[in-house]
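S.K.: The structure is given below, and queries will be raised subsequently.
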Amino acid sequence: MAEPLLRVEKLVRRFGGILATDNVSLDVASGELHAIIGPNGAGKTTLISQLTGHLEPHSGSVSLAGRDITYLPAYRRCALGLARSFQITSLLLDFTAADNVALAAQAHAGTSFRFFANARKERSLRDAAHAALDRVGLGHRADIVVNRLSHGERRELELAVALASKPKLLLLDEPMAGLGVTESQRMVKLLQELRKEVSIVLVEHDMPAVFALADRISVLVYGRVIASGDPAAIRANEDVKRAYLGDQHVVTHHG
Amino acid sequence: MKSLSVSKAVTALMLAGLVLLPLYSSLSGNIFILTLFTRIIILALAAASLNLIMGFGGMMSFGHAAYLGIGGYAVGMLAQEGVGSGFIQFPVALAASAIYALVIGALSLRTRGVYFIMITLAFAQMAYYVASGLARYGGDDGLTIYKRSDFSGLVDLSNRTQFYYLCLACLFGVIFLIWRIVNSRFGLVVQGLRSNEQRMQAIGFPAKRYQLVCFVISGTMCGLAGALLANNTDFVSPAVMYWTRSGDLMVMVILGGMGTLFGPVMGAVVFLLLEEFLSQITEYWALIMGPLLLLIVLFGRGGIMGMLGRAGRG
């Protein structure tokens, strides 16, 4: 592996006396889907927040395509090709689905200090928005205000927004959270498609989904990576069984 | 669609009324109404500018009257020093307001929510006390302007009708600009930031830069209102910057309908007409005005524009 797309080195973040991120190192190769799993409170969201720039680490470094981004603000990372979805959907609720996506496209298409021309009539932005919406199967809902979209549709919209910025790396924070069985299956199918185009870091609780999708899995427990490897290796790892999965059944059942 | 047409019809009626008012005034010989509406239009302009940051941008500035003072003092102080040309006074008024907005905005936008409200209020009160301390320019008592801004024959500000139409043209111009801005790339970003700042940062927009520019645009527009207001009253005093005046502007915006194009104009017309007529009936007009505004805000969500919309639907 020459130059990993994302390299995290010895990342440390404390909250008071608690080590939420304890010397975490991991590499994500270009084209890889890297899943991060761990029980509740393992520090997954804390880790993601440091990757996206919403939280500063106390030490260690994060680099994207060889460039140190440890202390860059969120909007700069986004410009460098890092896009994220939120664990709890975070969208512009009073805007239409198309507006949400078009704004993401706009952020990457020249300056937004334009005061006079109607942005909703910019063909390139609208086309990009509709393409991204079609990609996640929301094309027919483009003109609906987000307030009126179902939870599942919002999760898909989160993905469309992230895609519209044409990222190199997609950070997905529990994209299946709160989805029903069929919705989850659709999401897995969608991610299977997307992974062909973009590298993905996936934080997820849904084990069947993780084992179906991931090239590599890192297991986070109490802020530390206790194992990292391909799904088969993780499934066989005794530490993982003991520390995290606990109930044998999850591991064997999806084996 | 029908809901749209009701509020549109009322808005069109109001605008037509404003355009035709001087005609009525000259036919009926009622000069007072022209003076009253000149003031209403100027304050509508100020309210519209506040609405840009408050309604569209979600920035609750409680110090917007400061720009009325800054624009007014620019005109008054230059007139005092013998510079009577409006071609100098007005650009100076706008520039001074823009610079003040830039400094205040850069400091205030580091805070959010209640703190933002309080800090903008604090700065406006500082401006108020600074103006009160300007002994050379009247201090507490204010500054009389003996000659209105001179636009070398282009438009005569001492002519009531001409001045009225100048103010109306400024109001329409500003609303046209706001309309273009809120639908532009910039405007969508600012409204997106109002809706969800975290999301906007995550898709790559540095929040503060956009909010600051919006803050400056709004302040500059209100500076124009200040320059007009000083000409209207031939007088400027620290009182125009007092916090209650900032509150009045906020009430006009909320009353008319935040985040709508013509809501602030509607709000200014209703607020100032109510104030005018209630104060003729009784000295204790505020006792009626207060509860009335409370009722509208409590039960008429979205202000007058919102109520008109619902009336159309119902």
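Count begins at 1; order follows the chain as displayed.
The backbone N, Cα and C atoms fix where each Cβ goes, glycine too.
Residues annotated as transmembrane segment in TrEMBL: B:86-107, B:114-131, B:163-182, B:210-229, B:249-274, B:286-308.
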S.K.: Could you check whether the transmembrane segment (B:210-229) packs against the transmembrane segment (B:86-107) - three or more CB pairs closer than 8 Å, residues at least 6 apart in sequence?
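M.R.: Yes, the transmembrane segment (B:210-229) contacts the transmembrane segment (B:86-107).
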S.K.: For the transmembrane segment (B:114-131), what are the same-chain contacts with Cβ under 8 Å, counting residues 6+ beyond its ends?
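M.R.: Long-range Cβ neighbours of the transmembrane segment (B:114-131): 59-66, 69-70, 73, 100, 104, 107-108, 137, 237-238, 241-243, 246.
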S.K.: Report, as numbers and ranges, which residues of the same chain sit near the transmembrane segment (B:286-308): CB under 8 Å and 6 or more residues beyond its ends.
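M.R.: For the transmembrane segment (B:286-308), the list is 6-7, 10, 251, 254-258, 260, 262-263, 266-267, 270-271, 274-275, 278.
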